[in-house]
Amino acid sequence: MTIVVTGAAGFIGSNLVKGLNQRGITDIIAVDNLSNGDKFHNLVDCEISHYLDKHEFLHLLLDGEYEGELSAILHQGACSDTMNHDGKYMMDNNYQYTLALFDYCQHEEIQFLYASSAATYGKGTVFKEERQHEGPLNVYGYSKFLFDQVLRQRIKEGLSAQAVGFRYFNVYGPREQHKGRMASVAFHHFNQYREHGKVKLFGGWDGWENGMQSRDFVSVEDVVKVNLFFLDNPGKSGIYNLGSGRSQPFNDVAEATVNACRRHEGKPALTLAEMIQQGIVEYIDFPDALKGKYQSFTQADIAKLREAGYAEAMLSVAEGVDRYVDWLIGRQG
């Protein structure tokens, strides 16, 4: 049986393809939009059986081309640029496309795992998979929220096959280089340090000290493991937060990135205070454009994920960033 991965050349999608390969699974249809041609690099070291453009795939799927051949669709393909304000494009790409795949999977009794987002919570301070805590602030978040609402209703009515949505928090790790400004802070810090010998962070604002704004940073390694756990457990459906379950300040990311780079340079680790004193960590004024629109704190409540049976420990920023820097240096030299 064949597994479909949409967004397969993207960040999380390509890591999922690699994770499936590591299990010996290569009968994979990779679906994506390679208008950004550089994304193909993410699949060069992966094994797939076929590639299709996302529009061609949906057309063939609904025409019955793959009837009886698919075991699962891992749907990671979407417009993830939170600054894209084209509502029609966002809803067509993120909501309608997801709905079409979901309906097909229910009809054909195929497992369906898809990417939701922590953007569904908006400026909330409680990050728990419950309606009262949700309030997206942009059309990207709304497109994800709306399909989550559809799934909730369909679960009440009764599903014919597994359907799982993952609310990804701040994911970082290998194969994100094509994302440009939307890539993780760890990726940008790595490049800043390698090019300039220092990294830049937002200074304090709204009661937060320099670099102390915090996020739930989750390694893509853990994201892949959780996806595969649910693939192995087709009886579990629902919407789940996928973060580390801990909030860590941007200072931690800077410190971890710099020290991982220094390790490769044969230099001793430094404390954050030493980095600041030596000018390696530099704080810039908090941008006026972000004031009032910026989340200074996120932390996934992963109790529901644990209740579903996923018991593995999540990587800390220090652990995950260290491994990520090893990978980046291995690729870039």
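In case you wondered, yes, glycine gets a Cβ from its N, Cα and C as well.
Features reported for this protein in Swiss-Prot:
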- 11-12, 32-33, Lys39, Lys54, 76-80, Asn93, Lys144, Val171, Lys179: NADP(+) binding site (BINDING)
- Tyr140: active site, proton acceptor (ACT_SITE)
- Asn170, Arg181, His188, Phe202, Gly203, Gly204, Trp205, Arg215, Tyr294: substrate binding site (BINDING)
- Lys179: active site, proton acceptor (ACT_SITE)
**OP:** Could you tally the C-beta atoms, other than its own, that fall within 10 angstroms of the C-beta of His188 (substrate binding site)?
**Re:** 16
Subject >> Where Tyr294 (substrate binding site) falls in three-state DSSP terms >> reply: coil
Original post:
Looking at Cβ-Cβ distances, which residues of the chain lie under 8 angstroms from Ala78 (NADP(+) binding site) while being 6 or more apart from it?
Top reply: Gly7, Asn93, Asn94, Tyr97, Thr98, Ala115, Ser143, Lys144
Original post:
Once the chains shown are all counted, how many other Cβ atoms turn up within 10 Å of the Cβ of Tyr294 (substrate binding site)?
Top reply: 15
**OP:** Taking only the Cα atoms, work out how far Tyr140 (active site, proton acceptor) lies from Lys179 (NADP(+) binding site), in Å, as a whole number.
**Re:** 16
**OP:** Return the residues near Phe11 (NADP(+) binding site), defined as same-chain residues 6+ apart in sequence whose C-beta is under 8 angstroms from its C-beta, sorted by sequence, else 'none'.
**Re:** Asn42, Val171, Gly173, Arg175, Glu176, His178, Lys179, Val220
Subject >> Of the binding-site residues listed as His188, Gly203, Trp205, the one whose CA lies nearest the CA of Asp32 (NADP(+) binding site) >> reply: His188
Original post:
Taking every protein chain shown into account, which of the binding-site residues Gln76, Trp205 has the largest tally of Cβ atoms within 10 Å of its Cβ?
Top reply: Gln76
